[in-house]
Amino acid sequence: MSVSGDDSDDYFDHEIDDVIVPGTPDAVKSAQTDNRPAKRRRLDAGVFDESDISIDQGDGEDEFQSPDRRSVNAVQSEDVERTSKYKVFVPKRKNFQENIFVTQLTQPPSPPEMIRGPRWKKPGPEPLAPKPTTTTVDASHQPDQYYDEDKEIEAAIAASLRSFEEENGGNIPSTASRSTPALTAVAPSAALKEAAADVPFNLDDIPDDAFDSDLSLSPPRTTSQATRGPPVQSQFRTNRPLGLRQSTLFDMAARNSDIPSQRGEQILSPPEKNEPPTHHKLNEEAINTWVYPTNLGKTRDYQFNIAQRGLFHNLLVALPTGLGKTFIAATIMLNWYRWTKSAQIIFVAPTKPLVAQQISACFQVAGIPRSQTTMLTGEAAPGIRAEEWKSKRVFFMTPQTLVNDLKSGIADPKRIVLLVVDEAHRATGGYAYVEVVKFLKRYNKSFRVLALTATPGSTVESVQAVIDGLGIAKVEIRTEQSLDIREYVHARDTEVQTFKNSDEMVLCMELFTRTLQPLVDQLRNLNAYWGRDPMALTAFGLTKARQQWMGSDAGRNANLGLKGKVNAIFTVLASLAHAIDLLKYHGITPFYRHLLHFQSNTDGQKGGKYQRQIVQDESFKKLMNHLQPWTKNPEFIGHPKLEYLKQVVLNHFMDRGEGTAANGDQSQSATRIMIFVHFRDSAEEVVRVLKRYEPLIRPHVFVGQSSAKGSEGMDQKTQLSIVQKFKKGTYNTIVATSIGEEGLDIGEVDLIVCYDSSASPIRMLQRMGRTGRKRAGNIVLLLMQGKEEESYIKAKDNYEKMQQMIASGTRFTFHDDTSPRILPPGVRPVAEKRQIDIPVENTQADLPEPRKRARPPKRPPKKFHMPDDVETGFAKASSLTGKVTKKAETKKAVRKPTPEPVEVPALEEVLLTPGEQQDLERRYCHIGGTSPEFIRNPRVDAYPRLQSVPRPTKAIKHGSLTSRMIGTLQKMSKVSVDCERRYRKVLALESSKEIVDSVLSREPGSPAQNSGRLGKKPHAFKRPSATSRPNNVHVREDENEDNCTPELLSPEKLMSSFLEPHTERPPYSSQRSQDAFELDFPDVETLLNRSAERHVSRKRNRFVLDDDTEE
């Protein structure tokens, strides 16, 4: 808005011409009468100042206007100067700059609420320097006195470079020093200005180091403390792979002329590390060179550089399918085979077909002798595998077999020097790849890891898991857009075709919706599921909804009946959610097969309440009545994808002239098609439709090993035979599930058809990588509108984003510390390109598997391998601390004296004296008071029945003394009244035994005399067996009135017979009379001691054997 001629401060009193549209008569009139001062600038004669450059803001784009034809030195008229309101840009050079479209920010991202500020601010005016005398670039160009403009452009470029480096972590080599090596100079050089003005994007202008920007080869960064602060250390160590183009906003990434060209082959060397020498025996002559095979013809620079880096670092190689990952692995295996004398090299792949195809590549490329190579799988016996581990050096095997051999001790982990991992994106979690590397690190600190894959992962976490699981130190990644591999990747035309539901599918969805709606409504009423449309059910969504409801208060507090009802409904709907996916994305026929299987589970008494409710629903019956005749019709195609797929395949074969060859060559096809599906039902349906056009289309299904209901799996032998027939042309179309996505070399495929979309970028890229290897290929994606189309877009965007993150290297942490050098310090192998001589034995067609034997060798015993510097045996806990402690002197134990028996005191010493008895009564038994009271000793004879049994207790149990006292009283109560007669019997027997002992001691052949004469102990008596007869056994009998046999009866037996309880009831102690016991009989203890003293002699006297020596 313009200010009026007067000095009014009212901003609303403006002239009416402020709103006049230019170009109208009113505008012209206003322009003539307007007396506002025009912007004036001082111009030197024949010289344009830097302020002459202005940008036309009319159309909103930065467009450069064509130069005016008038001469710069011409005198401008005063009228033109008055009416001229705009200035035009007059370039100094003839080449015109094209439009530049910036697709990414050059500064770090910031929150939207923060004021961003200008990207670059024009610096203030600087004092003019004297004009250079001889600085002309071209005759047609203006003199080089406009260096102020160049300095402003250079400052803008430097600011853009700084922001770009800050965005990428500050670890990119500064290209500002390359494009503007002297920003502080007064007059930049002509070459610098020429590079600054070179804008057209031609291949010739691409710098030679666009792909080989190594940090170690970059020039030192020249920074000024006045313009930049101190460097900030990045959070993660950056490892930027090669093959990436880095340029500024104006494509200013000129290479310094002092650095030699890095485009093509590089010269790398092992890292300088302070590590102990390797335990592997190295070939001193071979380690000075490394061999690059030239058997395949032209040398590819990216293969040369990646192979060289993989020799010296634990490397993750991410190359698109068909770009020679196997060749890189074979080259690295060959060199480590040359460098070591007895070390072992292992190539692991997930499946046996992948292992088999890698063997042929290594035989024909690397030339490793077949006699030193073997292929081990779980089919080989452990004894055979043990022999192979002892004699061979190169192994091709599955990771599960390798884990078993390492754990059982068959394989020696210390001998392994190189581990090549194919399909390395599987190395996450507890997969066998991770277990192998962990096991090797425990015993071996000197081995190399080479990981091969086409897609490292779909998320940052999964890629980092691969890096951590394999101990990766460097990453080499290439995409199909990388310029150094573009000449080896043929064009691939990708066609994305979307479809809508057919009328038959809509009818099926309506009927199926009516069937499932009651169950969905029940879940909604219980707040267990919030969806309304049954066609939106998914197995994952139902599982998450069930978990949330079970974890909620309603689910936890619900009774068992309600919980069972909700679980049953969720289970039924989850089983039918798969049928919905089949109907939407795969066809009506797979949908009908699934419903038949669901219906068969309700036959008879099978199935639950809600499963039978669905089967008995009228809408379900009507649906099945519609599907049955449709699927029986061989001409019926139940999905629009399938109809389009048939047309695409037919058109492809007819365009390639399939079937026009001679009759003898009709079985061989020149072009091949591969179709990827997700389920086996879909694969069988596709094969059924395409087989109607045989022999033009010769399809075959290609599935995995596991068997399912209604579909048998394929073993590895069948898989390999199908692949070979597909390569030969017997089959020209393969319909494969996920088994055909990874790794298998299925030959040249000209057309890839993805029947369904995969939300995983890994699977999507594995599918697309099957074509475009040696010739151009086509890819057709068949997607349904809606969720499937969105999944494809998400997978594609996720893949591109992940490739950028992996290439930048700022989001990942690499493990340089676990990547050993292995080679001796100072050794720098030099590349040697030569033709490898292939041994004659490598031309054999069969695989190097160990032959099966009628009797396989015995499995060797388990061997426990120990890491280096391990102390075997037992160690004390005190020695683990590292401190040496002196052993304390052990004191000799004092010998304890032999215990001696104590003499039993006399009765007078134990009993109280009369004086002590009186004192006891006076002090403790007499209680003073009005009436005399005395404390008596407890009566043993009082209440005999109660004292002979333990009385009930509450808090404190009976002690041991009470238990012994009760037992004593019980034994005393068992003594009968006629004990006097029994005591007399015992005394009579004792006296008779003394007489018998004296008689036996006088006999000459008694054992006592024999033992005394010979000075030896008598032999122990052996009881005669039932079959043997004793020799001259004399049994002595003693006849008495009681007819007792002292040799056969012991005092214990006699006492036990005496002490047997009688049926008569013993009298109470108070009822017994003391008058009858006038005799002083010995006590029971005395009798037992006497019998025990003669117990041994009585046993020996039972049998008397004749002594043969006395005869």
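Glycine is treated like the rest: Cβ placed from N, Cα and C.
According to Swiss-Prot, the protein has these features:
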- Leu319, Pro320, Thr321, Gly322, Leu323, Gly324, Lys325, Thr326: ATP binding site (BINDING)
- 306-474: domain 'Helicase ATP-binding' (DOMAIN)
- 1-81: region 'Disordered' (REGION)
- 101-144: region 'Disordered' (REGION)
- 210-240: region 'Disordered' (REGION)
- 259-280: region 'Disordered' (REGION)
- 836-898: region 'Disordered' (REGION)
- 998-1047: region 'Disordered' (REGION)
- 1092-1111: region 'Disordered' (REGION)
- 422-425: motif 'DEAH box' (MOTIF)
Discussion item. With Cβ-Cβ distances below 8 Å as the criterion, list the same-chain residues six or more beyond the ends of the motif 'DEAH box' (422-425) that contact it, or say none.
Written reply: 316, 325, 329, 347-350, 354, 358, 433, 451-453, 455-457, 462, 466, 470, 742-743, 762
Discussion item. What does the DSSP secondary structure composition of the region 'Disordered' (836-898) look like, as residue counts for helix, strand and coil?
Written reply: 9 helix, 0 strand, 54 coil
Discussion item. Please compute the mean pLDDT of the model over the domain 'Helicase ATP-binding' (306-474).
Written reply: 89
Practice prompt. Please work out the number of neighbouring Cβ atoms within 10 Å of the Cβ of Pro320 (ATP binding site), leaving out its own Cβ.
Written response: 20
Worksheet item: Within 10 angstroms of the C-beta of Gly322 (ATP binding site), what count of other C-beta atoms is obtained when all protein chains are considered?
Response: 19
Item to complete: Taking helix as H, G and I and strand as E and B in DSSP, count the residues of the motif 'DEAH box' (422-425) in helix, strand and coil.
Response: 2 helix, 1 strand, 1 coil
Worksheet item: Counting across all protein chains shown, how many other Cβ atoms sit within 10 Å of the Cβ of Lys325 (ATP binding site)?
Response: 24
Worksheet item: Name the residues of the same chain, 6+ apart in sequence, whose Cβ is under 8 Å from the Cβ of Leu323 (ATP binding site)?
Response: Tyr302, Arg478, Ile485, Tyr488, Val489
Worksheet item: Same-chain residues six or more away whose CB lies under 8 A from the CB of Leu319 (ATP binding site)?
Response: Ile306, Lys325, Leu452, Ala454, Glu476, Ile477, Arg478, Ile485
Item to complete: Please report the number of other Cβ atoms within 10 Å of the Cβ of Thr326 (ATP binding site).
Response: 21
